[in-house]
Amino acid sequence: MPRPVSQGKADEGKAGNGKAGNVADASTANWVDRYAPAWLLPYLRLARADRPIGFFLLALPCFWSVALAGRSVGALYPDPWLLFLFAVGAVAMRAAGCTYNDIVDREIDAQVARTRSRPLPSGQVSVTAAVLFMLALCLVGLAVLLSLNSFSVLLGLCVIPIVALYPFMKRISHWPQAVLGLAFNWGALMGWAAVLGRLDAAPVLLYAGAIAWTIGYDTIYAHQDREDDALIGMKSTALRFGGATKAWLSAFYGFAWSAMLVAGWLSGAGTVFVLGMGLAGVQLAWQVATLDIDDADNCLARFRSNRDFGLLIFVAVMADMALASSG
């Protein structure tokens with residue numbers, strides 16, 4: 001039986017003093033808080049199941065790459081089995097990565113208003129339990145990886161050092177978002193490799209564009225925490241860019257869009273893809289034009305809208321494949 005939304009609001013009130021409750025940037029009406037049993041709630045929150053945007057941002061570069069690889073060899077549609085594997089892998093590895101980040105950042109999270117109610121800093125889950133949960137998720141990810149060809153398996157293992165490094169970057173550099181981009185968009189390489197067993201210029205360009213895209217959207221996200229980060233000595237592109245954020249976003253988003261467009265062209269995508277990229281470009285421009293870095297709700301909404309950008313690209317590739325096959 002679902003919990004009433006009012007219970008979610010009560011839990012949100014508890015979050016302010018570090019007690020058990022949903023975190024500040026999760027909707028109080030999310031399915032985790034409404035339906036999950038109490039014993040499972042902290043683990044689902046560790047996995048960010050109450051905030052599925054991260055799944056989309058991790059999975060979509062994989063989907064783009066699978067689709068573009070298929071387009072390059074004249075396939076009628078993206079390989080559904082590979083899309084399924086990458087979807088499962090994205091769920092598992094996003095959850096594992098968030099758990100790892102929370103383990104590393106638990107003392108920092110306790111000092112930040114938006115994150116102090118997370119399961120580890122609030123004491124809902126022990127470090128030992130979190131480590132075991134993370135290892136179980138990694139086993140799921142490994143099972144997915146081993147389902148791919150040998151080149152993809154080796155390529156997938158190469159990202160581990162980058163993933164391990166990411167949570168520490170905010171302590172030493174204003175560019176943790178760049179390292180996140182390197183890790184979070186590895187699927188732009190993996191999808192192509194899974195289809196063709198090799199890498200070409202198209203997936204490398206797609207990867208470069210996706211990194212720039214991530215720097216952009218995660219800078220928007222980081223503006224929610226910039227005051228707390230400054231107080232506790234953490235670094236981010238939000239603090240680095242400051243009042244010039246919109247100019248920096250325009251540059252990164254412009255490069256991302258251009259690189260993705262060329263990646264599609266190198267893959268053989270045609271007019272329908274270009275039209276879809278036009279719509280995706282409008283979406284990015286809307287983010288920059290309407291962003292208010294001093295309004296946390298505005299930042300969160302613009303960040304979440306990147307799911308729409310990613311879906312526009314995926315749909316554009318699939319539509320282009322369908323039109324090519326009908327001709």
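Keep in mind that glycine also has a Cβ here, set from the backbone N, Cα and C atoms.
Here is what TrEMBL records for this protein:
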REGION    1-21  region 'Disordered'
TRANSMEM  53-70  transmembrane segment
TRANSMEM  125-145  transmembrane segment
TRANSMEM  151-168  transmembrane segment
TRANSMEM  175-195  transmembrane segment
TRANSMEM  201-222  transmembrane segment
TRANSMEM  243-266  transmembrane segment
TRANSMEM  309-326  transmembrane segment
Below 8 Å between Cβ atoms, which of the listed ranges 125-145, 151-168, 175-195, 309-326 makes the most pairs with the transmembrane segment (201-222)?
175-195
Rank 53-70, 151-168, 243-266 by Cβ pairs under 8 Å to the transmembrane segment (175-195) and hand me the top one.
53-70
Remote residues contacting the transmembrane segment (125-145) - C-beta distance under 8 A, at least 6 residues beyond either end:
42-43, 46-47, 85-86, 88-89, 92-93, 95-96, 99-100, 102-103, 106, 119, 152-153, 156-157
Residue numbers, six or more beyond the limits of the transmembrane segment (151-168), whose CB comes under 8 Å of its CB atoms:
97, 100-101, 104-105, 145, 176, 179-180, 182-183, 186, 189-190, 193-194, 197-199
